[in-house]
Ligand code: WT7
């Protein structure tokens, strides 16, 4: 295909993807294919068109949105490292919230847009498209009264309640840029993000409720806003979720219901350019502070909508449930924007899968007759650990499709997900993508792709994956390498907020002219992609992404710590766990107390998701003569693979390794 690089596609077409000789193939069923948006032939045709004629393909796809001014320029993108410039539909104008709400009112005003399921199984609510429109307009008017206007940033630090979706859509309505910060992040992490985005308004709630426990969101905001440089935040808008005790900062804090409830239920939607920013979302990289990825309006929405329709094969009136939190990109694209742009019914769950019982997810599926369930491998593995009967309180016969996202799914977990949760009758779409990509990139389509457990399979329309070796040479056929994307797609991030140079450096300078994903990947003889995990110093713990450098810099800020090295290790449930080697300062003795203190320190600094699994005291760390820590060795020892340490002769002091092996935490 394109420069002979699309070997995946050739492999696919060659045997028409029957792959009958492969031991672990789940072929597309004729029944699914006949009803699906895309069967094999349609996938092949559309994919081919999308990479051979991107202008034509995306011009057609742009028509799925309501434009104020339809775009005439479709693709104008450059990956050259001296000039990374990505624009889609650049002369078009639209409003994202009008696309998710207003245009559905005539046909689906009374249809449920959001099903909200509370942490408490006795609490749930249905919100129609009309109600969602009205309440979003009221909030938009309220934000307007606080002075929020086009181009301003608003930080959201919220529970999984409908107001979170309304807040995103209200910002979009005004052309304001939201920055959602996951409610599990610490005050310091929140402060850093409020400051970087320079948000004048923060929207939060008194408390969130998860697994029967309260999380003090408002207290965390109060603490965050005492940090240096956060005085940009003039107003904190507070949803009353629990009525729990909170401090009140007169002149800064405003109750959501007091300001919002009396507002008009109509608010004109601001006309924005396709390339105007829709949101910022922070994510971790291998170095430095979290990066605020900038996503824009037209291309992002077209891509979120198209992928949601085809990957989940969404059909009118179905109930679709993505279990992510709106604090992550999955929540942005596949709880809010994609489904609502498509007029879908999207379920939003406030709680956790293990509360009040491990059968909760199945109970929710039955209660709301969910057709499509999209969750993370870590959740599947956690349930799997409770045995095949864990879901016996539910039937789950409404399900017809399962999805997986966030990390590689091991074949055992895939099989269990298929057999137990899906009763052996639902295809699984294993969707590979990233905060940076805005939407799903490598994925099966239920009616078009034969499945192999553990493989994200084939590229979505418009996506041209390739593998390169460490020197950047393209690899052909079946191969193992670094995953890159050769050309632009509409959903991708355009920049890092306030730092375009860092954007270019991080994604476009490793391999000239290509987007580098940071992932390692294998392509098999059928052209299927198997993501093998990050090749940089980024960890993926229960689908949460964090930089080892972030955790290290938190640790060395503690008085007792002279040096720290953080690596990931294979963890049965979390996928990866956090393993820390700590060298203490001279006068400090190791103790269990200190271990606990350091654990708390990291949790407080970054958030509970960064809780260390193991801390090993390391009198010294293995370094090269030039002083570089050899992480390869540390990873092996953490994984208890001490036989295959490889060449240690380049170490300044090879004897360091023996001590580390002797005192390793896992054996
Ligand atoms: C990293 C991106 C995409 C939304 C959630 C995570 C890993 C993600 C898969 C998958 C194997 C996956 C990659 C990627 N990843 N999905 N289906 N199979 N690995 O977004 O926090 O930006 O993390 O998650 O390593 O680079 P994120």
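Even glycines carry a Cβ here, placed using N, Cα and C.
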Additional site residue, 396, 419, 502, 545 [criterion: listed by TrEMBL with 406, 407, 408, 430, 431, 432, 433, 434, 435, 519, 534 for ATP]: 545
Sparsest-packed among the recorded positions, when each Cβ's other Cβ atoms within 10 Å are tallied, from 210, 534, 558, 603, 628: 628
Residue 542 (CoA binding site): tally of other CB atoms within 10 A of its CB: 19
Helix, strand or coil at residue 556 (Mg(2+) binding site) [DSSP, three-state]: helix
Integer average pLDDT (0 to 100) for the domain 'Acetyl-coenzyme A synthetase N-terminal' (43-100): 98
Integer Å distance between the CA atoms belonging to residue 330 (CoA binding site) and residue 534 (ATP binding site): 18
Within 10 angstroms of residue 406 (ATP binding site), Cα basis - binding-site residues out of 210, 211, 212, 330, 542, 556: 330, 542
